[in-house]
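Structure first, commentary second.
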Amino acid sequence: MLLFALLLAMELPLVAASATMRAQWTYSLRCHDCAVINDFNCPNIRVCPYHIRRCMTISIRINSRELLVYKNCTNNCTFVYAAEQPPEAPGKIFKTNSFYWVCCCNSMVCNAGGPTNLERDMLPDEVTEEELPEGTVRLGVSKLLLSFASIIVSNILP
């Protein structure tokens, strides 16, 4: 009986404190909030509503050179689970408008940054030219002799 009274005396102040001081201990999650192109660094931070307990980062490929990066608060992270994702559309291949990188987390400003290999993925367009072997000429720079040889060979062959 004495043990029960001691336990009750120890727990009662904790229950009273949590009931009366709930407003001071409200979990106010803070997340980055932005929608930008090709940049995972977002300076804006917002305080999420009380019932929302997760931050998200979604990046979607717009085209081969641009990513739309969206960061905000969310209460639903099912988009990261394979079982919750919609099935693939049959017969259509989408080269753009697909997820590039997603993140869902539940701590203060946890959606900062993004993947570090973005620079390697977004390479500039460059033309690759191979060296021509000896004796060949570039298209449009052909010599008169090669033109005549081509005409003669095309007339000889059936």
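Every residue, even glycine, has its Cβ placed from backbone N, Cα and C.
What Swiss-Prot lists as disulfide bond is C31-C55 (among others). The Cβ of C55 (disulfide bond) has 27 other Cβ atoms within 10 Å, all protein chains considered.
As annotated by Swiss-Prot, disulfide bond applies to C34-C42 (among others). Counted within 10 Å of its Cβ, the other Cβ atoms near C42 (disulfide bond) come to 22, all protein chains included.
The Cβ of C73 (disulfide bond) has 19 neighbouring Cβ atoms from other residues within 10 Å, across all protein chains displayed. Among the features that Swiss-Prot reports, disulfide bond is placed at C48-C73 (among others).
What Swiss-Prot lists as disulfide bond is C77-C104 (among others), and the listing cites similarity to another entry. C104 (disulfide bond) carries a strand DSSP state (E or B). The Cβ neighbour count for C104 (disulfide bond), using a 10 Å radius and every protein chain shown, is 18.
The feature disulfide bond is assigned by Swiss-Prot to C105-C110 (among others). In sequence order, C31, C55 make up the list of same-chain residues 6 or more apart from C110 (disulfide bond) whose Cβ falls under 8 Å from its Cβ.
Marked as domain 'UPAR/Ly6' by Swiss-Prot: 29-134.
Feature annotation from Swiss-Prot assigns signal peptide to 1-17; the stated evidence is sequence analysis.
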Secondary structure of C34 (disulfide bond) (DSSP, helix/strand/coil):
strand
List, in sequence order, the same-chain residues at least six positions removed whose CB sits under 8 Å from that of C34 (disulfide bond)?
C42, P43, N44, V69, Y70, K71
Cα-Cα, whole number of Å: C77 (disulfide bond) versus C105 (disulfide bond)?
9
Judged by the number of other CB atoms within 10 angstroms, which among C31, C48 is the least packed of the disulfide-bonded residues?
C48
Roughly how many angstrom lie between the C-alpha atoms of C104 (disulfide bond) and C73 (disulfide bond)?
9
